[in-house]
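Engineer: Structure incoming, see below.
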């Protein structure tokens with residue numbers, strides 16, 4: 001009887017594993033398999049718990065993003081209504097607050113930091129009200145004026161650093177995306193080539209649209225010279241890279257898009273629109289019947305919602321209009337590429353294609369200091385947009401704090417580094433020097 005049961009067990013093992021070597025299996029091996037069975041059954045629970053924690057972490061990040069968008073709007077209100085001094089005082093107070101919470105986290109006082117995070121929305125609104133009401137009176141105070149002036153000078157002198165970091169981060173992201181496209185085609189399926197060509201055509205179309213929009217602005221002679229030089233350089237480098245096999249269409253189109261973006265931002269931030277050059281008839285974006293239906297739907301929703309909530313929505317929409325679209329676009333692009341670099345560099349060090357999303361209790365320096373960096377970057381962009389000519393008597397300080405000059409310097413250095421990398425890379429290489437640590441095998 002035992003022999004029959006044992007033979008049946010062997011038959012089951014053979015049918016499951018499909019290996020004749022298991023015919024010589026003894027009872028000790030079967031006991032080991034039985035002992036490991038509960039561990040295998042417990043893995044789905046662990047996976048569910050891990051996915052649940054990741055979902056909660058992503059939800060928390062979305063809440064943090066929404067809260068920071070509110071801060072962006074409030075800082076724009078401070079600069080628009082209260083003026084330069086009011087905006088500087090508010091951003092300096094926010095910088096001190098976020099830096100204090102970062103120090104609390106670094107020194108292990110996370111409970112106090114979490115308590116401050118819980119009251120962040122209330123504290124931000126209180127700081128805005130205090131800055132709007134008290135800025136006219138404290139502007140005459142020499143200590144407050146000195147702090148605001150020092151904060152303004154520090155932000156303006158960070159302009160070269162922010163622009164150069166943006167250029168280097170953009171180059172690394174472009175090369176990582178180009179390498180990822182090659183990896184998908186070589187290791188997954190050649191059908192990915194269709195999506196790569198589609199993305200490249202979209203990038204080129206967006207670049208041409210941005211350059212077309214530039215024609216509505218008056219362009220100075222130095223800017224016209226830099227536009228022609230940068231566009232000619234990126235076209236020559238892209239043709240050389242694609243023809244030699246050292247770059248692909250994805251990289252070439254993204255580099256062209258980066259130069260077109262730089263040209264557009266320089267002209268929109270520092271150029272005067274020439275409205276007489278383009279006179280276009282105004283058309284409705286949607287047919288009249290659809291517009292009427294949408295208007296009726298919005299009227300119904302506004303009548304249903306409480307009046308207070310409706311007023312809050314109107315206030316937020318009106319406040320969001322105080323933020324210039326070019327400032328918001330530049331801020332979103334700069335933060336996106338810098339954040340992408342924080343995900344790409346660990347992936348390069350670990351020789352993997354991408355870094356899995358995770359948020360542990362022991363946060364890194366980037367996640368702790370990110371609010372301080374975001375406030376500094378955004379305030380720097382606002383100062384560049386609202387006050388493009390820094391009030392410095394020294395020519396050296398004017399050059400150091402000129403965003404227009406450093407945008408061009410960043411673009412030219414990025415193209416130069418990309419050209420050097422293409423020139424010294426081998427034709428058989430499927431990755432670039434900056435991304436050569438990725439594995440294709």
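The backbone N, Cα and C atoms fix where each Cβ goes, glycine too.
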Engineer: Looking at 273-293, 399-419, which one is transmembrane segment according to Swiss-Prot?
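Structural biologist: Here Swiss-Prot associates transmembrane segment with the stretch 399-419.
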Engineer: With Swiss-Prot as the source, identify the stretch among 133-153, 154-174 annotated transmembrane segment.
Structural biologist: 154-174
Engineer: Counting Cβ pairs under 8 Å that are 6 or more apart in sequence, does the total for the transmembrane segment (88-108) and the transmembrane segment (363-383) reach three or more?
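Structural biologist: Contact between the transmembrane segment (88-108) and the transmembrane segment (363-383): present.
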Engineer: Does the structure show the transmembrane segment (112-132) and the transmembrane segment (154-174) touching, where I'm treating 3 or more Cβ pairs under 8 angstroms (sequence separation 6 or more) as a contact?
Structural biologist: no
Engineer: Are the transmembrane segment (399-419) and the transmembrane segment (62-82) near each other by the rule of at least 3 C-beta pairs under 8 angstroms (pairs 6 or more apart)?
Structural biologist: no
Engineer: Between the stretches 154-174, 192-212, 247-267, 363-383, which wins on the count of C-beta pairs under 8 angstroms to the transmembrane segment (399-419)?
Structural biologist: 154-174
Engineer: Same-chain Cβ contacts of the transmembrane segment (224-244) under 8 Å, 6 or more residues past its ends?
Structural biologist: 211, 214, 251-253, 255-256, 259-260, 262-263, 408, 411-412, 415, 418-419, 422, 427
